[in-house]
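Have a look at the structure below, then the notes.
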Amino acid sequence: MTHLHFDNRLRQQLPGDPEEGARRREVGAAWSSVLPTPVAAPYLIAHSAEMAQVLGLEAAEIASAQFAQVFGGNALYPGMQPWAVNYGGHQFGHWAGQLGDGRAISLGEAIGTDGGRYELQLKGAGPTPYSRGADGRAVLRSSIREFLCSEAMHHLGVPTTRALSLVGTGEAVVRDMFYDGHPQREPGAIVCRVAPSFIRFGNFELPSARGDIALLKQWVDFTIARDFPALAGAGEALYADWFAQVCERTAVMVAHWMRVGFVHGVMNTDNMSILGLTIDYGPYGWVDDYDPDWTPNTTDAQGRRYRFGTQPQVAYWNLGRLAQALAPLFADQALLQYGLDRFRDTYLACDRRDTAAKLGLAECRDEDLQLIDALRALMRESEMDMTLTFRGLIDLSPEHPDPAQLRDAFYDEDKRLVDAPQLQQWLQRYAARLQQDPLSPEERRARMRLANPRYVLRNYLAQQAIDRAEQGDPSGVQELLEVMRRPYDDQHGRDAFAARRPDWARDRAGCSMLSCSS
């Protein structure tokens, strides 16, 4: 018997539709009741030990057949009351109307051993009223990617939703991976995602767009009371403080993305968490050879709206859409602008903080922003790996800066040789700056190690684990999870996981760019 205790405040305190079944346009309801659709033979592939501990789940319970049944969608623990949430969103810059949880089903809000609230949500557990024409299922490859990235981002120190479990369904799912008219059968899986809240910008956009200001206000009041309990006051002042905090949290999140080289790939407003958590891991990726114009999403290959370098601007634009949705609650629109200004101020402060940390400086001067920009330009011109370049700077000697320290960061040997003088010039400039800095060599290296990961979840690493899992060997998933639990440490015997993208992976599907097919 589970020790999980559920307190399902969203379902209790927001208006919903208790009717299960038919897919429909839902008006006036924040959520709809829905049951997961049972699968043939659920089996546990992997789980997060840390997340299980927070929830108070013991090893014997996780290993039980009942656990796979529950988190495979075939059974419920006492207190679970499944629902799907209704929301809208802007997708690639255009209003898309009602979207909703098309294949995500929340089982309940559990109270953890730390007293925190943790919503448990199955992704791929079958259709909901918001599935439109889809089957509500998920394939193994996308589920592995979401499971691994949720935990990898947490251990990198990036605000994120978490993952408890990855369960195979024992059933096949038909997907057209490349949208080229050649669908194939793939193994199915279900991820249990975990977060204090899965509320999105789109939860406020939809009622506002429909003119349902009463429901909009209910969403805002509920979100503040449950998820922002430290905020005090009432009326517009309270709403303004809340919006400013949402803006601040979003800025912190995106700054972390830029620090570690993460590209979300689909920054639609329905994929933006009101808590400033990274959410919805689809066609994401990590920057290999540095390119601010790179996106891993094939759907965005031409417009590149969500490319790496524009993520801060897109986040600001998305917050503008949220402000627009909240505007009916404000007589004084200037209060919303204050929140948007808070985003910019917070992001710039985070950028300066991260610049100092990545370069091993006590503080970031204005000229240090120019210094790191010059390095980025050099990385782009010379096809240098972002992660390996910054990690390689840790052991650089300020007295004798040697370009050989960064040899492994180059993808093109010819460019390494041609651009060697420019790199040497930059390193000398950097070394001179280090000699002006008050940090000791030990303090500098320690600071840099905490800002520059050695291991990131490169797409080719995830794809190798997927390939093995699809052949019946899930050990690669567990091994990769273990490596990503300590991304800033030098792990003995695991150099292969820190290597730059191999040549064979440059253009292979799943290793460079990905579709939204999942």
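Note: Cβ is positioned from N, Cα and C throughout, glycine not excepted.
Keep in mind it's a predicted model, so treat the numbers as computed, not measured.
Swiss-Prot annotations:
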- 1-10: compositional bias 'Basic and acidic residues' (COMPBIAS)
- 1-25: region 'Disordered' (REGION)
- Gly100, Gly102, Arg103, Lys123, Asp135, Gly136, Arg193, Arg200, Asp280: ATP binding site (BINDING)
- Asp270: active site, proton acceptor (ACT_SITE)
- Asn271, Asp280: Mg(2+) binding site (BINDING)
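It is 20 Å from the Cα atom of Asp135 (ATP binding site) to that of Asp270 (active site, proton acceptor). Looking at Asp280 (ATP binding site) and Asn271 (Mg(2+) binding site), their Cα atoms lie 6 Å from each other. Neighbour density at the Cβ, taken as the number of other Cβ atoms within 10 Å, is lowest among the recorded positions Asp135, Asp270, Asp280 for Asp135. Assigned with DSSP, the residues of the compositional bias 'Basic and acidic residues' (1-10) fall into helix, strand and coil as follows: 2 helix, 1 strand, 7 coil. Note on proximity: among Gly100, Arg103, Arg193, the binding-site residues of the record, the Cα nearest the residue listed as 'active site, proton acceptor' is that of Gly100. Put simply, Asn271 (Mg(2+) binding site) is 11 Å from Gly100 (ATP binding site) when counted between their Cα atoms. The CA atom of Arg103 (ATP binding site) is located 14 Å away from the CA atom of Asn271 (Mg(2+) binding site). Spanning the residues Gly100, Gly102, Arg103, Lys123, Asp135, Gly136, Arg193, Arg200, Asp280 that the record associates with binding ATP, the maximal Cα-Cα distance equals 22 Å.
Sequence-distant neighbours of Arg193 (ATP binding site) (same chain, 6+ apart, CB under 8 A from its CB) are Ala104, Leu120, Gln121, Leu122, Lys123, Glu146, Ser150, Thr161, Arg162, Ala163, Leu164. Residues near Asn271 (Mg(2+) binding site) in space but far in sequence (CB under 8 A, at least 6 apart, same chain), listed by position: Gly89, Arg200, His264, Ile279, Asp280.
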